[in-house]
Amino acid sequence: MDSRNQLIVAILLTSACLIYCAQYVTVFYGIPAWKNASIPLFCATRNRDTWGTIQCLPDNDDYQEIPLNVTEAFDAWNNTVTEQAVEDVWNLFETSVKPCVKLTPLCVQMECNSTSTESSNSTSEGSTVPEILNETTSCITNNSCSDLGSEEVVDCRFNMTGLQLDKPQQYSETWYSKDVVCDTTNGTSRKCYMNHCNTSVITESCDKHYWDAMRFRYCAPPGLCLLRCNDTNYSGFEPKCPKVVAATCTRMMETQTSTWFGFNGTRAENRTYIYWHGRDNRTIISLNTHYNLTMHCKRPGNKSVLPITLRSGRVFHSRPIINERPKQAWCWFGGDWKKAMQEVKQTLVKHPRYRGTNDTQKINFTQPGKGSDAEVVYMWTNCRGEFLYCNMTRFLNWIENRAHPQRNYAPCHIRQIINTWHRVGQNIYLPPREGELVCNSTVTSIIANIDMFDNQTSITFSAEVAELYRLELGDYKLVEITPIGFAPTSEKRYSSAPQRNKRGVFVLGVLGFLATAGSAMGAASLTLSAHPGLYWAGIVQQQQQLLDVVKRQQEMLRLTVWGTKNLQTRVTAIEKYLRDQARLNSWGCAFRQVCYTTVLWENNSIVPDWNNMTWQEWEQQTRDLEANISRSLEQAQIQQEKNMYELQKLNSWDVFGNWFDLTSWIKYIQYGVYVIIGIIALRIVIYVVQLLSRLRKGYRPVFSSPPGYIQQIHIHKDWEQPDREETDEDAGNSIGDSSWPWPIAYIHFLIRQLIRLLTGLYSVCKDLLSRSFPTLQLIFQSLQRALTTIRDWLRLTIAYLQYGCEWIQEVLQVLARTTRETLASAWRDLWGAMGRIGRGILAVPRRIRQGAELALL
């Protein structure tokens, strides 16, 4: 019996635990969590030149950053922000420096003569004494520095149909010798074609444009955010950056395009650091600003460019030579380059990815091998719309102090046909503009590949222009805020949930929304009452900022790709917010910050640590469960709506006014009419059946005729009976006048039939009740016995529990009494001992005095 009772108690306790310890899915809206995004960004700039303002929005410098106590993965090469920067700078570059279409007709044979045999790219061995230039060197101003010869050019003539289409006309044009392909005849006159004639297909007209260095920043669309790794040890790839800040916009970035070096960058600091690709040897090295590294480029000369008309609508630019330096240019480098390059080597040795020699004497700067594209072999840069190709051989000799001619300047030449740096192909540009061209830049970075072999390390300059923008923006990443989260709680929908404390949140737009990203889940959930409003306020704020700059910039109406992308960012966040609200509505949680549900949390192995885990960490663990949880919530909401509909139908009669609503009654009136019609039809069928059965037995129908019917009705003979003397003829009239009319009797008959019908129905119902009552009585008796058994069991269980509680109470009382007595006894003993010790100490002087007295006696 005792074991049985113990088993019952255990079952009850287990059931109670299952009921009260169950975990239910709770929907939180407004959590500080995010995921990687690839939505297009929009740009903002302070430049006011024509193409800059068309391509980007005006910059208002109203941007903030807040630190987040989280860790996040960053990769400068696998990055949406840097990929967009590369693509967008290419589009800006193509927009500002347009390829020219007027050269397409020159895919014809030309007769060319060389006009100069000197080359600026001279590789002949000269003096090994370094020739170093500075701002005061005289050859800079008069263009007389050594090793700077004239460019090799060819003067070509070709025939084309001009204004008169039936008569060919001869034209003249001067080319840089490397822009044409000629035969190998030994004579002074050669047959030549334009280089890349068959691959350069251009379909738009162009004018001569140029661009200066332009800076712009990227801004996240409303509802999204930019994260930045603020760790000084970040080197382009970091799985767990410990210092993360949130921002709405990036810093300003430079749009200079060049190979080998990066110019005027915004990431240069008073130190040297290296961004290293996570999987190969590609690097971008940021140079120390302390060494003040600069590059000054110059194209001397004063050359006129005169247009000639080939035919109507086609104008070609002729280039008659005025001086002896056509297309000639050169660049000299200022600053302490040798110390800067030595610091680069020392920084490379300390880099965690470096596995080569630690001896900086065996680390050398090298240029790419011959045979590559000109943009790889030479340092390629853009100077006011002109493309310079500079031979850096003697400059590298000077840096590495090699036993070869050393110069801190490099001869350059200008080309019209260049290889595109972002896509495969060639572009043809207009001839150099007239007059002298001067460009001054600050060298801020080096694009290089690190090659380690045979205890030697080569820092090979690279032509990966895109690496410049990975250095500029590689510490950023774009994330999409995911404000909806799921977590298990013990609260069930419609249960009495405890009141949540509200905590004020400072308003920083979307950045304020992420302010608690590093807090524990329990602390962050306390601010959810303010987060959705803050989230929406941040979206509205960003939308308003974007709308304001669009209104300030009327040139936006003329945009193509960039403008469309900028305008599309205005609807991105609204769509996301409405999509989130639609999801919440499908779960029955619309416009709620914390929404309890009736869906059980089935993954008991995945439980959040509310005191130590952030929402971002929790979301990463439960992201795979989101689809199943969402589907379960939708099914629960559908069932809840069905239940509510049925309950509303039952509760509609609780309102007294609904009883007078005809629409509520008409349905039941229809049911009543159907019942009456059914009873009447059934009665008619029964009567017809009975009538047919009587006819078969020989009875005459009751309603065969009125006279027959009257004959079957009892007639009172004492009413106006005729005299016996009357004749037979008068009998009929006397009968008709002295009898009851047959319709009245028929009504009496119907009344009797109706009474009989009702009596029959009453008998049937009474019989049905009499037969059902014993069955119901048995059911009620069984139910009564079951309730009695449950009552007795509950009484017994309660008695056991009371007995157990009384026993436990007695044990506790005995324990308390024993403890109290023990402590009291111990205290008395301790107090007595302390008293004896104290009296002994107080008696010491008396004992001393007594001893002294005895000694004196």
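Using the three backbone atoms N, Cα and C, a Cβ is placed for every residue, glycine included.
Of the listed cysteines (C139, C145, C156), only C156 is recorded by Swiss-Prot as the disulfide partner of C112. Checked against Swiss-Prot, the range among 181-209, 297-325, 616-644 recorded as coiled coil is 616-644. Disulfide connectivity taken from Swiss-Prot links C439 to one of C383, C390, C412, namely C383. Candidates considered were C145, C241, C249; Swiss-Prot assigns the disulfide partner of C229 as C241.
The Cβ of N440 (N-linked glycosylation site) lies under 8 Å from the Cβ of T294, M295, H296, C297, each of which sits 6+ residues away along the same chain. Of the candidate glycosylation sites, N230, N270, N281, N358, the one lying closest to N134 (N-linked glycosylation site) when CA atoms are compared is N270. Following the DSSP three-state reduction, the secondary structure of N628 (N-linked glycosylation site) is helix. Fewest Cβ neighbours within 10 Å among the glycosylation sites N270, N603: this applies to N270. The Cβ of N78 (N-linked glycosylation site) lies under 8 Å from the Cβ of G278, each of these being in the same chain and 6 or more residues away along the sequence.
For the glycosylation sites shown (N134, N358), fewest C-beta neighbours within 10 angstroms: N134. The average per-residue pLDDT of the prediction over the motif 'YXXV motif' (699-702) is 51, rounded to a whole number.
Checked against N628 (N-linked glycosylation site), the glycosylation sites N159, N230, N264, N281, N358 differ in C-alpha distance, with N230 being the nearest.
In this structure, the CA atom of N358 (N-linked glycosylation site) is 17 Å away from the CA atom of N281 (N-linked glycosylation site).
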